[in-house]
Amino acid sequence: YFALQFIQQVIKSYLERLQARFKLPSPRRLNVLSCKLTSDACVHAYVTVSPAAERLRHILREEDEPTPTLFTEMDTLQYEGGEMEWKESARWVKFEEKVEEGGERWSKPHVSTLSLHSLFELRTCLQTGCVLLDLEGYSLPQIVDDIIEKQVQEGLIAPEIREKISFVLLRKHRHQTKKPIHRSLADIGKSSPSSECLLSYLSHSQCYSQNSLDAEASNVLIGEVDFLDKPFVAFVRLAQAATLGGLTEVPVPTRFLFVLLGPDGKTKSYNEIGRAMATLMVDDLFSDVAYKARDREDLIAGIDEFLDEVIVLPPGEWDPKIRIEPPKKLPSSVFSLNELGQPNGNAGGGAASAEDEEIFCGGLWLDIKRKVPWFLSDFYEGFHIQSISAVLFIYLGCITNAITFGGLLGDATDNYQGVMESFLGTALAGTVFCLFGGQPLIILSSTGPILIFEKLLYEFSINNDIDYMEIRLWVGLHSCLQCLILVATDASYIIKYMTRFTEEGFSSLISFIFISDALKKMMSIFNYYPINPDFNPDYITSYRCDCQFNFSSLDWNQLSKKECLRFGGSLVGKSCKYVPDLAMLSFILFFGTYSMTISLKKFKASRYFPTKLRKLISDFAIFTSIMTFVGLDMFMGLKTPKLIVPTEFKPTRPDRGWIVMPFGKNPWWMCLASFVPALLVTILIFMDQQITAVIMNRKENKLKKGCGYHLDLFWVGILMAVCSFMGLPWYVAATVISIAHIDSLKMESESSAPGEQPQFLGVREQRLTGILVFVLTGVSVFLAPILQYIPMPVLYGVFLYMGVASLHGIQFWERMKLFLMPAKHQPDFVFLRHVPLRRVHLFTLVQITCLAVLWILKSTVAAIIFPVMILGLMVVRKTLDLVFSQHDLAWLDDILPDKDKKKKEDEKKKEKKKAKSEEHNNSDEEVRTTTIRCVRC
């Protein structure tokens, strides 16, 4: 087993180095380059190299620069009114676009479907036709003359028809830029919408010039004439790309020219050969071969390599007229062990990458070294319009959370901590963490287990006549010390054992809690403003509510409800229990905010409006939904429950200040005894913080600036001490809000080839949005006149959206839905290809059981041991090694790292230190001996 692991790691290391050196455009390139060793020995672990690949191996060298993007245009010879001209019929960047039969519009981009016969005919054309490589040409007439001269010299055409061929090839070119009479609103203001999209992709910028385009063109000219008795074929590669008049639709220089003229009667065959040539020119591998080919045989080898990858569909089982939609996600150009049949990069032994080793074993100092080079960019990269929408979204989530937990803390601690302390603590802790933390995308907040601990600690203090704020201060100080000890001892190493099983169990639970709490809060509005199910319009006159007193016969109907109850009266009447319209309007605000946010978030993938406008609408989906339903609430004018923000900067409880003194009210031994409850708080803080950090740093998010587990825990510990001295709540990473933060900052490629789906590029990693969110939270006291117009049902709808959105992309949630799907309708998940369905369901049932246990514990007083139960999830995951094979776990989860690895590394470090000390002692001994000898001499 270990021998196989060693061989696997050697192959992995070699292939990764190979991919990095040669900048492979696709895994298929490995067919060509897998033999690149100093001894020219071949690695047969992945492929067997074909003769064509062997030939191409010598062409594609590591020192070569990447080739430009190719735009390919195919023009066909047409006769219009007795005049001969070249008319654009199709174009390619990555996918094919045809001119529709009506001639006024382009088709949707689609995957080119070629006949196998056309590829073989193209191969024959290149074998028998004229091939000119690195031709010096700067104008189309000169290039045409050189082509014809070469054909005459090789005896491919008769000299007497050279003038006719030249006449045909120099006819004018008409491109598909004709404007239709009726245009969509999205295209108004654009001179040529499709050409503009092409230029946007080819130039990768909005402001382009011909010199700035990192793109070149290849032109394919196809036609039939009556003066030829055999095909006239030429493939030309210019030494330098040149602008050849109006040869191409977009202003990019031409580098390649393929000409096919033939006798009458084979129009369809010629067009298929031209489409085959154009498709080859936009293929990653063949385009590289075309740029670097030394002779005709290299081009033939490129076609052979392309043919090796061609998949043939039976003609009777498929309609060639069907246009295949471009895939949503193109195959990655980065080679990984997935191509060797392994699901995860660390599968089969859990060997971590160098980055992981640095994260988990490097400690606080390495975290700082990793973050310092990015510190300035963490600020200026935040200046983007997307950051504005993220700030508004997360800000509303944070203040709602602060108000909710502040109110609950006030009830649990008799207002020693309330909404004002919650606002101030959120602003202080969040700003410091986003400014100096290792992962500034994490949002700090109070959590349920902390709330339960505060409640139990307060009850213990009251029952034992102990000052609550003082003992809380010492618990916070001890917890801070314990966090610093965990940082110093690299305790974050334990998160290597938090696999997908643990991450998804934790994140799913938090998501379900958000969804449940949002629904509960909405239902509480229905309880406070109940609906009258027995209302009858015919008896409207009987619906009234009067205030009555038993000891008086006076009329008390002029009193308000509060005054009536305060003076000991009672409310009598059929309408006393009900408040018209408020419950229904609150539900409309709640569900409307949620549904509108979901719809606008998906608007980015719709077909309406230009791409930039769709993206802008999607980015500001939450803000637009909130403002829409705030406006609806103001228009209706009903007194729905509103957001209540403190208006004065002072402690909630009048008899306490902003600083807590550590001595004077409790016995001295309480300072030491508080170490025990602090241990529970530390476990709670450590698990919440690190699991959220692991979820944030998933490889699916494509974060580039590295992690900072030790640095994060360091600042959380320091902030616990500061908040304890100031009597503020304790803060830790909030999973759902942090996931919402990272989702609101995801980036996609702005320029994409026609038909190509925008590619996920990563996350806008910066500190600015988090800092602005918490600064705004701190000044919310002064924004109370504005915030008081926001209805609470709207914010509950935002909470519901956060909970639902955080479930997106969780494999556990996708596997749960498989229980309700027949096998033939199940999505083509990669794990279903490798693991039997019954084993998938068994694994999912284990996770559901664990989730149910956590939910039950969360709903009781035992929620205080919730962090310990997260450790229990890790134990359950370890026992699954006895139930499932490593192969199944590799696809459904992650492979646990070698348990002895840390021990072995520590032993190696000790041996190195010991060897260095021995060398130092030996050198000292040699110096001492030499000195004695010198003295004797």
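Heads up, the Cβ atoms here are built off N, Cα and C, so glycines get one too.
Quick look at what TrEMBL lists:
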type	residues	note
DOMAIN	69-192	domain 'Band 3 cytoplasmic'
DOMAIN	203-320	domain 'Band 3 cytoplasmic'
DOMAIN	360-896	domain 'Bicarbonate transporter-like transmembrane'
REGION	901-937	region 'Disordered'
TRANSMEM	388-410	transmembrane segment
TRANSMEM	422-453	transmembrane segment
TRANSMEM	473-494	transmembrane segment
TRANSMEM	506-529	transmembrane segment
TRANSMEM	582-600	transmembrane segment
TRANSMEM	620-638	transmembrane segment
TRANSMEM	667-687	transmembrane segment
TRANSMEM	708-732	transmembrane segment
TRANSMEM	768-787	transmembrane segment
TRANSMEM	794-813	transmembrane segment
TRANSMEM	845-876	transmembrane segment
Seminar exercise, completed: Looking only at the domain 'Band 3 cytoplasmic' (69-192), mean pLDDT returns 82
Exercise. What stretch, picked from 388-410, 422-453, 582-600, 708-732, 794-813, has the most CB pairs under 8 A with the transmembrane segment (768-787)?
Worked result: 422-453
Exercise. Tally of helix, strand and coil residues over the domain 'Band 3 cytoplasmic' (69-192) according to DSSP?
Worked result: 41 helix, 37 strand, 46 coil
Problem set entry | Beyond the flanks of the transmembrane segment (473-494) by at least 6 residues, Cβ under 8 Å | 359-361, 363-364, 457, 660, 662, 670-671, 674-675, 677-679, 681-682, 685-686, 690, 709-710, 713-714, 716-718, 720-721, 723-725, 730, 902
Seminar exercise, completed: Ranked by Cβ pairs within a distance under 8 Å of the transmembrane segment (708-732), the first of 388-410, 422-453, 506-529, 582-600 is 422-453
Seminar exercise, completed: Most Cβ pairs under 8 Å to the transmembrane segment (422-453), of 388-410, 506-529, 582-600, 794-813, goes to 388-410
Exercise. For the domain 'Band 3 cytoplasmic' (203-320), what are the DSSP-based totals of helix, strand and coil residues?
Worked result: 44 helix, 30 strand, 44 coil
Problem set entry | Selected stretch (most C-beta pairs under 8 A with the transmembrane segment (388-410)) from 506-529, 582-600, 794-813 | 794-813
Problem set entry | Other parts of the chain folded back onto the transmembrane segment (506-529), taken as Cβ under 8 Å at six or more residues beyond its ends | 448, 578-579, 582-583, 586-587, 590, 641, 691, 695, 735-736, 739, 792-793, 796-797, 799-800, 802-804, 806-807, 810, 812-813, 851, 854-855, 858, 870, 873
